Amino acid sequence: MEKMHYAEELVREFLVFRGFTNTLEAYETELRTDVGKGFQVDKILDLIFSLYVPKFQIDKLVALLGFFKHYLSSSFETTLVSTFSKLEASLLRFYVVHALQSNRRDKVVEFFTVHGPDLLQSSQEDWTQWFAIPYVKNPQLDPEFRIFFSKEWYQALHLSVRNFFSEIFNATHILHNICLKEKKISSEMNATSLLKRDITQLNIKLSELQALLNEKETQLRQFKSMEGNISSSSNLHEESTHMSKDSPETFPQEVQTEIGQDLVVENDGDVSREEDFDEVNVEHQETFLGHTSPISRCRFSASGNNIASASLDGTARIWTYDASTPASRNATIYCGTEILSLDWECKSDRLLLIGTSDACIKAWNVDAKRVVCDLNTTEAFPSVLDIKCSPVEPIFVSAAASGGSGSNYFDNLGFASLTVWNMKTWKAMTVLPLGEDPPAITSICFNHNGKILAASAVDGMIHMFDMSAGLQITGWPAHDSSISSILFGPDETSIFSFGSDGKIFEWSLQNQGQILWSRDCSRFCYPVNDSNYYRRDMALDANGRRLLVTSSSVRAPIYQVQDHLNGWRTLPHGAPITAVDWHPTLPIFLTGSADNSVRVTSLLS
């Protein structure tokens, strides 16, 4: 009796886990009114032959079979496992046959589209011939499939399934092994959870120690600088003691910043606490240490399961932060020159585009683990500053620059070229018009349907293009300085721009030129002439409420959009933060640093 009760609990557990509410209620009712009979195999048969197959619920059928296969595998009964695999194949073929008998060839095509790859990998049964059955005119007459359409085959299958489940649910030793396996899995999950918690606490402690070390090093440099000025300032001190008490004191106009406390003294001497942000509440944080030079770009894939990051030494890495995600796509891509831009194909995680400083655009197939196309911009525009894939069509746009002879990074970019590429033929389709000798385009982005492309330039202009016509439809001067980054707001009614002077504006697209929100984060910005950290980057979270920007500090600010008072600051890296991105759906963000590391930070909701 005990083994029967345990079998009933297994079925109840599965129904609860899969959310089969109505089936669970009926099952509970029948158990209460049928006391003493214990577990009934008929319940399993009803699920398969009366519910899942007739109603084409293939996902639930596969889940049910996978559930039992998982527990059978833990029993070490190889004969039973092999027998079940054959029954599983027969049940799936029964589903295909039933769909064809019901004139639902669409369900057969859908079945092979979704589950075909798994079937081909199965070593128990040969499915090769079955992939042609949706296109066979009368499969019930075909010698290959005729037997599966007979009443005798169905009756034999039904009886085999009944006998098999009757056998396994009357095998006490199997149920015992299942119980032991469950306990082992539960124990391992608890141990893993404890280890993850310990790792998170250690990462936070490491971050705090790195920040403290950075602060001490800064203080040490300041002390050394003060010692060098003591001798030269002693004469000035002596002279100042003889000054009239009524003489006005003169202070240099400067902004003094204490990063640790986020204290800002503005030119007029007023103290601003506007950016005295709290540290983010972190649920979990992972650090990726695969790079050997400062990070220049980092991007989540379309699903958020994979990450691409690039460093100044011309190396791109593809990796995953979640232990449950297969690492089969992980790879290292050597480009041989500085990587300036990265972007993932928008509809899948299959392709990664990489733009370099030597007129090269590489398309990396993550499944094949190879470069499937090597494109080249014209020699006149070698620096591929940004790449963006259309969210709808198989095209992407590259923003390339000619290079110049200016005194700082932005002046040295030269002129601009915007090229539209076809991702099926891997050929250039058109060049978007920018006028004669246009200033370099630093950042581009598509709206949600891919019909509009926005581009920002080093002269502070924002340009808007109609992609169907291939023409510029509007534009306006947005900054007094170069614009480093641009992106559409979540509701497509606004657009954000990030200037090299550290100013961020949210512009209305309904009332052109109207500023909806702004922040000045100039104290977090690198000097314009610092060639290693020229890229100002920003990223919006999935809800469009939090804006993360790069920083010259070991921490990066996270602004709350439309709110001038609230915000957060990230946990510290060991060096400035040079690249950022948000997960497409979850409260998880990326920060790449000059300390060669990339961090994945999951926030508490």
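The backbone N, Cα and C atoms fix where each Cβ goes, glycine too.
Note that the structure is a prediction, hence the values are computed from the model and not measured.
Record note: among 199-229, 478-508, 199-229 is the stretch given as coiled coil by TrEMBL. With a cut-off of 8 Å between Cβ atoms, the residues of this chain six or more beyond the repeat 'WD' (476-511) that come close are 410, 442-448, 454-462, 517-525, 528, 535-540, 542-544, 547, 549, 559, 561.
Same-chain residues lying 6+ beyond the ends of the repeat 'WD' (570-605) with a Cβ under 8 Å from its Cβ atoms: 204, 207-208, 210-211, 213-214, 279-289, 291-300, 302-304, 307, 309, 311, 321, 526, 532-533, 535, 537-542, 546, 548-558. When the domain 'Anaphase-promoting complex subunit 4-like WD40' (435-488) is classified with DSSP, helix, strand and coil residues number 0 helix, 32 strand, 22 coil.
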